[in-house]
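Shown next, in structure tokens, is the structure this report addresses.
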């Protein structure tokens, strides 16, 4: 009777990792909360809102028109929201955490939706009043139409940076809801 002898194959020792393995996050798209793209959008929103606010406040007679006061209020709100969410994004990136909790994603979606809508409405109102002053009343000589136009343009750019943040957060929140 012939019995086979088991062959012993030595197993190599796995290499020691000096760094943690790279994490793979399949559902993080750039622009969503907690990503570098999301942080870039937040900083863009913040920068353009601060510019719009600064330009509008630098004109001495902005407080006489309700639409201009509304733009100032909307840009202050946009600045506060963008600052807070940028800090949250920086924290999430620094500790390598994803922001996929449905309550947090819902808060981002609602906050982005409200602030982007307010900023867009304020920019439209400011642009409309500026067109009225410039084209219809022909009183740009005694008003600061250039500053008003620049403030409206910066508010539109802030809204353009806020819209993708809202759409991605809303889409992500919609994917988290389970329908029965």
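A Cβ is built for glycine as well, from the same backbone N, Cα and C atoms used for every other residue.
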- Message: Would Swiss-Prot have residue 58 and residue 173 facing the same side of the membrane, if we go by the names of the topological domains it assigns?
- Response: no
- Message: Looking at the topological domain 'Extracellular' (124-150) alone, can you tell me the average pLDDT?
- Response: 90
